[in-house]
Structures are given as structure tokens and as C-alpha cells.
Amino acid sequence: MARYENILELEPNLNGEDLSIGIVMSRFNIEASEGLLGACVEELMKQGVDAGNVVLVSVPGALEIPLALQKMALTDQFDALIALGAVIRGETYHFEIVSEQSTNGVSTVQLDTGIPIANGILTTNTDDQALARMSQKGAEAARVAIEMANLQRTLDEMEQ
């Protein structure tokens, strides 16, 4: 649906058929991470991604996610990647460091490699907040990965 006459508007495309998706999940705060993963995988399948085209890697914590994403991106086997995990505030400043560094790392990998990465790393004050948000955020990460992979394909085709 074009909003302006004579302007090409690229519509969001949530068709997951023929896409290869890599997922990196933190095992820290595993209950929230597993909830994110379940919702994410369910949404990927709902949007047509073949289960055989999804690769899951788990890492100890959120700070390890960017390196695993980078290694996956450099294989050139994935159309998009998804980062999943939960950073929950504790009694020390560590929360701020982990939240900031994991987010910066994900963004850096995305920009350095040109592979779209959906950031599904929750940052919450409590366990209850993480558990309340995990289903929505997991599904959202799946849709973001699919949409951005398709947008990248469309833009790549326009370059030719």
C-alpha cells in the first residue's frame, strides 16, 4: 500500500520460506531463555521457516552471544541471526555492564558482517518481568529476523 504517489515503498515481508536462520541462546537465566526460544521457534515455523534451516547454538551467558553470532555470520550460511537471553538486575553494577556490552556486541556484529540480527536479549529488573515478556519478545525476534532477511534480499536485488 503506497502512501505517496511515485514513491517505491518496500512492504514488510514475513515469508520465512527458503530462509536459513541461526539462533544463539544464553543458558544463564535458563527459564527465561527457554521461554524466549520456544516462542521464537514457534513463530519461525508459523511464518514458514523450515525446521531443517534453523541452527541453535547455546552459550554460557549474554556476553558470549556476540562472538557466537560473529562466527555464525562468517559462515555465510544464514540469512539472519537471532540473539536470545535474559539479563536480570542483581545487587551489583554487573547488570549494566552485561546489558550494555551484549547489546553493543550484537549491533557491532550486525554492522560488521552485514547479516541481520534480531536482538531478543531481555533486560529486566526482576525474574517475573523476564518471564512475563519472554513469549512476546521471542516471537518478535523471529518476525524481525524474517523481515530483515527479506528486506536485505530485496535491497541486494536492487543493487544488481
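Glycine too: its Cβ is placed from the backbone N, Cα and C atoms.
Going by Swiss-Prot, these are the annotated features:
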BINDING   Phe28, Ala62, Leu63, Glu64, Ala86, Val87, Ile88, Asn119  5-amino-6-(D-ribitylamino)uracil binding site
BINDING   Glu91, Thr92, Arg133  (2S)-2-hydroxy-3-oxobutyl phosphate binding site
ACT_SITE  His94  active site, proton donor
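With the fewest other Cβ atoms inside 10 Å of its Cβ, the least crowded of the binding-site residues Ala62, Leu63, Ala86, Val87, Ile88 in this structure is Leu63. Here Glu64 (5-amino-6-(D-ribitylamino)uracil binding site) is compared against the recorded positions Glu91, Thr92, His94, and the shortest C-alpha distance is to His94. Contacts of Arg133 ((2S)-2-hydroxy-3-oxobutyl phosphate binding site) defined by a Cβ separation under 8 A and a same-chain sequence distance of 6+ are given as Leu122, Thr124, in order along the sequence.
For Phe28 (5-amino-6-(D-ribitylamino)uracil binding site), the spatially nearest entry among the recorded positions Glu91, Thr92, His94 is His94, judged by CA separation. In this view, Phe28 (5-amino-6-(D-ribitylamino)uracil binding site) is surrounded by 18 other Cβ atoms within 10 Å of its Cβ, with every protein chain counted. When other Cβ atoms within 10 Å of the Cβ of the residue listed as 'active site, proton donor' are tallied across all protein chains shown, the result is 11.
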